[in-house]
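> Here's a structure for you.
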Amino acid sequence: MALQIAIGVFAHSQALVADGIHSLADLISDFVVLFANRHSGAKPDADHNYGHSRYETVASLFLGALLIAVGVGMLWRAGTRLADLDNIPAVHLSALFVAVLVLFSKEGLFRYMLREAQRVRSAMLIANAWHARSDAASSLVVALGILGSLAGVRLLDPIAAAIVGFMVARMGWMFGWDALQDLSDRALDEAATADMRALLLSTPGVRDVHELRTRKMGDFALVDAHILVDPLISVSEGHYIAESARLRVLSDNRVLDALIHVDPENDAVAHPPVGLPSRERIVADVNAALATVGLKAAAVNIHYLSTGLDVEVVLPAQSLRDDGRESMGALQRVDLAALKRRLGARKLDLLREVDTPSAQSGSSTQTGAGADRYKSTVPHGTS
């Protein structure tokens, strides 16, 4: 770098000076890359809940801006030299030797950096390696320009400097634009998004996937998705399916984190009616109706669906000594149709739990809410 600039000034080669300035910009950018790479792997904290992966993206944006500024400066300087062709000085032979030496050095650096970047799987380091390859290409242009100038075509040296400036500015634009897209939550490409969808759909219990969204976070991605499950399963089963789907997505090494939302129906096209009663009101009304005949619900299962409100009332298990005729007669005195209208329900089902002998004590046990139950046909039941 210092050798390029010093020899470039001594040998009157603007192209070599431009390449030296380019190398100086590279050195600054490498320090930025090193700083960002060291800090981007830090664990999430109170201020950065998703980690620090975007440090790399910000560093890439800074690197792009730096390269654009350097490239534009080179173009400006080459343009002023080309505007005064009569005063272009002759280039000394030493400039060619330095340009060739730098060319081979940069090509070797590119190969080493690319190998290490692929080993640690860092997009920023890979980009920096290819930047080193562009440096080698610019040094090749410089060497050819100097060679042409030594052959008597003096304008080739400032032309080579202008080409280097254009290459540097173009590379800066590519880095900066790519980083800007990632900072504005660019999604994964279509193939990667299709892979995420396939992972979700392969999860047992997932019927469909909608509102699948992704966004880049450094070298990784965040995934949000809604999964469709059976609308009549329990909350715990729905959560288990969602967590299983999330772990499948996280098994992809491109994913940093995933947020899975469970839907009983596709809420992109179907929504439950508004103004439906809350659980507290439904349970209170059900128990108030049953209390008139001395009964109380063991559990109330509520399903808010686009088709309306479905309510399942689970009655306590009957004693083995009771044939149930008394309670069945009591249920006939409950106006279930009026209860259904009061709740605004589309469907109202009555179910009865069944006593089962305990394997250890022989005592009766009660099945939990949401477990398999024996459905009894209840007079006046309405659906």
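Backbone N, Cα and C define each Cβ position, glycine as well.
Given the structure is predicted, the values throughout are model-derived calculations rather than measurements.
Just lifted these from TrEMBL, have a look:
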DOMAIN    1-183  domain 'Cation efflux protein transmembrane'
TRANSMEM  58-78  transmembrane segment
TRANSMEM  90-114  transmembrane segment
TRANSMEM  135-153  transmembrane segment
DOMAIN    189-265  domain 'Cation efflux protein cytoplasmic'
REGION    354-383  region 'Disordered'
COMPBIAS  357-368  compositional bias 'Polar residues'
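How about a rundown of where these features are and what they're close to?
Within the chain, the transmembrane segment (58-78) has long-range Cβ neighbours (under 8 A, six or more residues past its boundaries) at 14, 18, 21-22, 25, 28-29, 32-33, 35-37, 124, 127-128, 158-159, 161-162, 164-180, 182-183.
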> Tell me the residue counts in helix, strand and coil for the domain 'Cation efflux protein cytoplasmic' (189-265), as DSSP assigns them.
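The counts are 28 helix, 28 strand, 21 coil.
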> Looking only at the domain 'Cation efflux protein cytoplasmic' (189-265), what is the model's average confidence as pLDDT?
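It averages 94.
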> Give the nonlocal contacts of the transmembrane segment (135-153) in its own chain as ranges (CB under 8 Å, at least six residues past its ends).
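Sequence-distant neighbours of the transmembrane segment (135-153): 13, 15-16, 18-19, 22-23, 26, 90-91, 93, 95-96, 99-100, 102-103, 106-107, 109-110, 159-161, 163-164, 167-168.
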